[in-house]
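According to Swiss-Prot:
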- H21: active site, proton acceptor (ACT_SITE)
- Y16, F67, N69, N115: tRNA binding site (BINDING)
- N11: site 'Discriminates between blocked and unblocked aminoacyl-tRNA' (SITE)
- D94: site 'Stabilizes the basic form of H active site to accept a proton' (SITE)
Amino acid sequence: MAIKLIVGLRNPGSAYEQTRHNAGAWLVTALAQRHNSHFKIDKKMQAELTEIDINNHPCRLLLPLTFMNHSGQTTRIISQFYKIEPGEILIVHDELDLPVGRIKLKTGGGHGGHNGLRDITAQLGTGEFHRLRIGIGHPGHKDLVHQYVLSRPSMHDRQQIYDAIDRGIAIIPIVLSGDIARAMNQVNA
């Protein structure tokens, strides 16, 4: 099944723009820029939206205007409006359980403690969507997680995250064609 919607999870606003938690939005923004596509704010949809077309595979890109914990509402509104099934959605998000700079593509599963994924799963009524997980590393203790995800990465970590984003963008044409298994083999290796 081809991907028709890519969602970059984030917290909106300049205070959060450069935080680890916004790594998903970094990838989706970079993807739009590489295809000379510009986001437009749609307040009714609670989102910034744009479209790209790669090899005759059109896809909408979404950056929610809601905070991370309410990403599901925007994702549901957009998917219902455009008649996009959960299996046609790719959620791009930060991942504590991957080392900084790793990136993995996954289909389905639980939320793994990620509140954005938790809300999307609740709003869509299923976890059977695709996820592109960008490793941001773990602070070592669960009590430090909140502060960690809302902090800016070091220059070294930021570069590793950008390198992972480049690898993620490289598989998007494969993902849009619907060959998820091939994309997984390429990026998860």
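Cβ from N, Cα, C; glycine included.
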Recorded positions: Y16, H21 - member with fewest neighbouring CB atoms within 10 Å: Y16
Spatial separation of N11 (site 'Discriminates between blocked and unblocked aminoacyl-tRNA') from F67 (tRNA binding site) - C-alpha basis, Å: 5
Nearest recorded site to N69 (tRNA binding site) by CA-CA distance, among recorded positions N11, H21, D94: N11
Alpha-carbon distance [N115 (tRNA binding site); D94 (site 'Stabilizes the basic form of H active site to accept a proton')] in Å: 11
Conformational class of N11 (site 'Discriminates between blocked and unblocked aminoacyl-tRNA') under the three-state DSSP mapping: coil
Among Y16, F67, N69, N115, the record's tRNA binders - longest CA distance, Å: 16
For F67 (tRNA binding site), the number of other Cβ atoms found within 10 Å of its own Cβ: 16
Additional residues surrounding tRNA, by Cβ distance to the Y16, F67, N69, N115 centre under 8 Å: N11, H21, T66, M68, H70, S71, G116
Recorded positions (N11, N69, N115), the one with most neighbouring Cβ atoms at 10 Å: N11
